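Notes for the one structure printed next.
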Amino acid sequence: MFLNSLDLPGQPEDSRIVVAMSGGVDSSVVAGLLKREGYNVIGITLQLYDHGAATHRVGACCAGQDIEDARRVAEMLGIPHYVLDYEKRFREAVIDPFAESYAHGETPVPCIACNQTVKFADLLATARELGADALATGHYIRSRSHGAHRALFRPLDNDRDQSYFLFATTQEQIDYLRFPLGDLPKARVREIAAEMGLVVANKHDSQDICFVPQGKYSDVIAKLRPEAANPGFIVHIDGKILGKHSGIVNYTVGQRRGIGVSTGEALYVVYLDVENARVIVGPREMLETHKLFLRDVNWLGDESLDNFPSQGIEVAVKVRSTRPPHLACLHYKEGVFSVDLLECENGVAPGQACVLYDGNGHEARILGGGFVTHSERAADIEVMLKRVLCNLETKDSVSSQLKTTAS
């Protein structure tokens, strides 16, 4: 059977493709390339967030100017273009959970939730309703045939690798999605945009968190979850109170800058005691993490979870989008996924994504991933952290009893 460039049967003109057009250079080039090849292309733009400063901020995603840019590109290419209002859905599925997670002391990655619940769920369903044979996006990731299905692989341009944000893509979605930019470097994509005369050829790349004006995520969270801005104490890992803070929302595990205390010692956020509004700080070595436990894992590997090797399997993992994958061992037992890191990571926070690969090479296959529930550090560090928390609880209890007696 003849397959076209998207691995679909027949000639390009036999296939209808929906392109998710964000108004940026990448998705615009995808639409242009597919149109040039002869595919029946339909552009769809999701209006996700269009309020206040985010609307006109350079690098905002799916806001007013982006929608206009997508419309202009579609008009130039001669393809139909539709705008779907997904603001309410985006608020419920992405923004609210993001604020809730941060208020609980986690470090969430909203782009993953957006791909998982909006772009690759709702938009994909719309593409099917339009009779499309595939949904194409401008993400930098590769999709190839793998047995009876398709699989995801790291892209040619590792500097633009977006696999970290796509690990939650289900097998059904992977089979339907196409990523034409996976084999192109970003520089070439911009060249193609210029050759096509696209108005977005020199447009800035979008930022990761599109709904946070000027990067002040704390303002968004404090507005939605005021309790996250409750004041509390900054406490050294040795138990000494160093000062006060204006809300857990301003901190994340691993943070060094902007802690708000000066001791002459390089201090990092080691732990967030959300219940008592305490920020625990300490030296960098207190952040060394050796083991991770994951929740909400999307497993795309070939091994059956029913017969998962008792010794685990060798994988590579990413706990940050900008870091290359590092070797580790993945275990699965009684419904629990855990990862033994062969190289320790610093400052891994609950809520972060841990993405799994079949190796640390440039063309590694994505095996899925999950979100960190908690981590384990060296035994002596764990003991020290538990001791300081226990001592603080004891002090609180004594203080409370004294106040009760005095009254």
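A Cβ is built for glycine as well, from the same backbone N, Cα and C atoms used for every other residue.
Quick look at what Swiss-Prot annotates:
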- ALA20, MET21, SER22, GLY23, GLY24, VAL25, ASP26, SER27, LEU46, GLY138: ATP binding site (BINDING)
- CYS114: active site, nucleophile (ACT_SITE)
- CYS114-CYS210: disulfide bond (DISULFID)
- HIS139: site 'Interaction with tRNA' (SITE)
- CYS210: active site, cysteine persulfide intermediate (ACT_SITE)
- GLN352: site 'Interaction with tRNA' (SITE)
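Structure coloured by features recorded in Swiss-Prot.
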{"residue": "ALA20", "record": "ATP binding site", "Cβ neighbours (10 Å)": "25"}
{"residue": "SER22", "record": "ATP binding site", "Cβ neighbours (10 Å)": "25"}
{"residue": "GLY24", "record": "ATP binding site", "Cβ neighbours (10 Å)": "22"}
{"residue": "ASP26", "record": "ATP binding site", "Cβ neighbours (10 Å)": "25"}
{"residue": "LEU46", "record": "ATP binding site", "Cβ neighbours (10 Å)": "27"}
{"residue": "CYS114", "record": "active site, nucleophile", "Cβ neighbours (10 Å)": "25"}
{"residue": "HIS139", "record": "site 'Interaction with tRNA'", "Cβ neighbours (10 Å)": "27"}
{"residue": "CYS210", "record": "disulfide bond", "Cβ neighbours (10 Å)": "23"}
{"residue": "GLN352", "record": "site 'Interaction with tRNA'", "Cβ neighbours (10 Å)": "22"}
Alpha-carbon spacing, CYS114 (active site, nucleophile) to CYS210 (disulfide bond), which is rounded to whole Å: 11
GLY24 (ATP binding site) - helix vs strand vs coil (DSSP): coil
For CYS114 (active site, nucleophile), the three-state class that DSSP assigns: helix
SER22, GLY24, ASP26 screened against HIS139 (site 'Interaction with tRNA'), Cα within 10 Å - retained binding-site residues: ASP26
